[in-house]
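Below is one structure; the comments refer to it alone.
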Amino acid sequence: MHVSNSKFIFVTGGVLSSLGKGVASASIGALLEGLGLSITLQKLDPYLNVDPGTMNPYQHGEVFVTEDGAETDLDLGHYERFTNTNLSKLNNITAGKIYNSVLEKERKGAYLGSTVQVIPHVTDEIKSMILKASKDKDIAIVEIGGTVGDIESLPFLEAIRQLQLEIGKENTLFIHLTYVPYISVAGELKTKPTQHSVKELRAIGIQPDIIICRSEVELPQDVKSKIAMFCNVKPENVISAYDVDYIYKIPLILKAQNLDKIIIDAFRLENKEPNLTKWENIVSSLEHLKDSVDIAIVGKYIKLKDAYKSLIEALIHGGIEHKLKVNMIWVDSENLNEKDLEHVDGILIPGGFGERGIEGKIRALNYGRTKNIPTFGICLGMQLMAVEFARNVLGFKDANSTEFDPNTSNPVIDIMEEQKGIENLGGTMRLGAYECLIKENTKAYEIYKENLIYERHRHRYEFNNKYKEHFEKHGFIASGIYPKKSLVEIIELQNHRWYIGCQFHPEFKSKPFKAHKLFASFIENAYIYKKERS
């Protein structure tokens with residue numbers, strides 16, 4: 001097996017899921033980058049899907065798309081937002097991918113007639129993919145999805161146990177994230193769930209070096225000492241990760257408890273102070289916001305906010321840029337009431353799939369267009385901008401997307417030519433970064449201030465160029481084009497304060513210290529609109 005020169009931090013979770021392992025891993029990445037180290041982050045997901053691309057957003061949350069077109073776990077979004085890493089398909093490995101690869105090798109005779117088993121064949125495949133993703137990096141942070149004790153996680157935990165033996169304890173660090181419940185009636189923090197979780201991990205053969213404790217409140221020293229004694233770690237290696245109003249405070253909270261120094265000492269690296277100035281500036285901005293804007297998000301998955309994770313963060317980034325708090329007004333597109341939009345400063349129509357809630361989104365777009373409210377359509381949102389305009393301005397009353405009405409006589413949105421006849425849904429959309437050429441003398445050019453941009457995509461349907469002339473005659477222009485195939489990437493309405501749709505997902509490239517230009521402009525114009533009305 002390939003031997004890596006990288007150091008490895010393995011992050012596991014215990015007690016319950018959704019504790020924030022992804023944010024913790026990303027925050028550790030931010031600390032290490034502050035020390036000038038090159039890093040990568042990887043998520044190992046124990047589910048049997050090859051990727052999350054076909055999973056219901058209510059079950060899995062958002063699908064995050066990388067530059068190279070991988071459909072990945074939303075935690076990769078945290079990794080990219082908190083660090084300078086540009087991740088790829090190597091950075092999200094699922095049990096489905098592992099078993100798929102093992103079975104393909106077995107069919108090709110790669111195992112020379114051996115009985116194929118979880119150990120060593122599946123665990124070897126996991127180790128191989130971990131090592132491949134860590135190439136040429138100082139430190140690889142590897143998050144294992146799920147909770148210790150889950151049957152699905154066992155091959156992954158066994159693989160990282162073996163890796164420590166193979167590459168040496170001096171090159172590996174195990175961090176276990178647990179939950180310490182606060183019983184408010186008794187005013188007491190309970191450590192027993194953490195003790196049992198670590199006991200379970202040790203039974204597998206893994207002794208955590210550091211325990212990060214999630215809790216509603218900060219852990220006092222006596223609680224940390226108790227956890228340290230029962231879990232066989234140093235007291236200073238018990239880190240309190242308490243609830244905060246903004247996740248961007250977490251790198252500073254970890255730094256305050258010397259997590260960076262603990263990691264440096266464990267790996268015998270040069271001892272120096274991390275440069276966290278940009279994080280201090282972000283937190284300072286969030287604590288000194290001058291005003292707020294109300295943005296309506298008209299969506300169909302609003303019961304689970306994780307379905308829009310990158311979008312939420314990108315709006316916050318746009319707010320940070322202008323020292324504004326962004327109040328998100330969640331509007332169910334299936335039960336849209338125009339009263340929900342009366343007092344908002346901007347309307348955002350996010351991406352999505354399927355017919356449910358479409359007409360509500362179209363009504364919201366009509367409201368934003370006719371009332372001259374800053375309105376932003378992303379992916380499906382852009383497509384519905386075209387449908388609404390075709391119906392209510394161009395007079396094509398049955399205008400639609402062939403996704404929702406295959407027999408419409410005015411398919412202003414149609415399936416892409418190369419998507420026709422594709423039967424497999426997984427991994428077959430137009431995915432990843434593509435170039436977009438922006439026309440000068442347009443709002444898009446004013447925002448980007450450059451002709452050529454690269455943005456990430458996830459779609460099968462596109463604007464039908466047969467209708468482009470009709471639209472442009474009436475002031476709805478295509479200001480961004482994919483030059484190789486003349487695909488419409490950005491549309492904007494002239495004689496409107498801010499009515500822009502994009503076929504790509506700008507939220508995937510926004511960072512707290514560098515808001516995406518479209519989100520920054522949208523929030524800025526929403527605030528101008530608010531000031532004009534007050």
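Placement of Cβ uses the backbone N, Cα and C atoms for every residue, glycine included.
The region 'Amidoligase domain' feature in Swiss-Prot is assigned to 1-269. The annotation UTP binding site is assigned in Swiss-Prot to S17, K190, T191, K192, P193, T194, Q195, K226. Positions annotated as CTP binding site by Swiss-Prot, on the basis of sequence analysis: S17, D150, I151, E152, K190, T191, K192, P193, T194, Q195, K226. Annotation source Swiss-Prot lists ATP binding site at S18, L19, G20, K21, G22, V23, D75, citing sequence analysis. What Swiss-Prot records for Y58, G352, L380, G381, M382, Q383, E403, R460 is L-glutamine binding site, and it gives sequence analysis as the kind of evidence. Feature annotation from Swiss-Prot assigns Mg(2+) binding site to D75, E143. The domain 'Glutamine amidotransferase type-1' annotation in Swiss-Prot covers 294-532 and rests on sequence analysis. Residues or ranges marked as active site, nucleophile by Swiss-Prot: C379. Taken from Swiss-Prot, the feature active site applies to H505, E507, supported by sequence analysis.
Using C379 (active site, nucleophile) as the reference Cα, a 10 A cut-off selects H505 from the recorded positions D75, I151, Q195, K226, H505. Across the fold, the C-alpha of L19 (ATP binding site) and the C-alpha of M382 (L-glutamine binding site) stand 34 Å from each other. For E403 (L-glutamine binding site), the nearest neighbour among the binding-site residues S18, K21, K192, judged by Cα separation, is S18. Among the recorded positions G20, K21, G22, D75, I151, E507, not one has its Cα within 10 Å of the Cα of K190 (UTP binding site).
Over all protein chains present, the Cβ of K21 (ATP binding site) has 26 other Cβ atoms lying within 10 Å. Taking the Cα of G352 (L-glutamine binding site) as the reference point, the closest of the binding-site residues S18, I151, T191, Q195 is S18.
The number of other Cβ atoms within 10 Å of the Cβ belonging to E507 (active site), over all protein chains shown, comes to 27. Considering other CB atoms within 10 Å as the measure, the emptiest surroundings among the binding-site residues S18, T191 are those of S18. Between the two most distant C-alpha atoms of the annotated ATP binders (S18, L19, G20, K21, G22, V23, D75) there are 12 Å.
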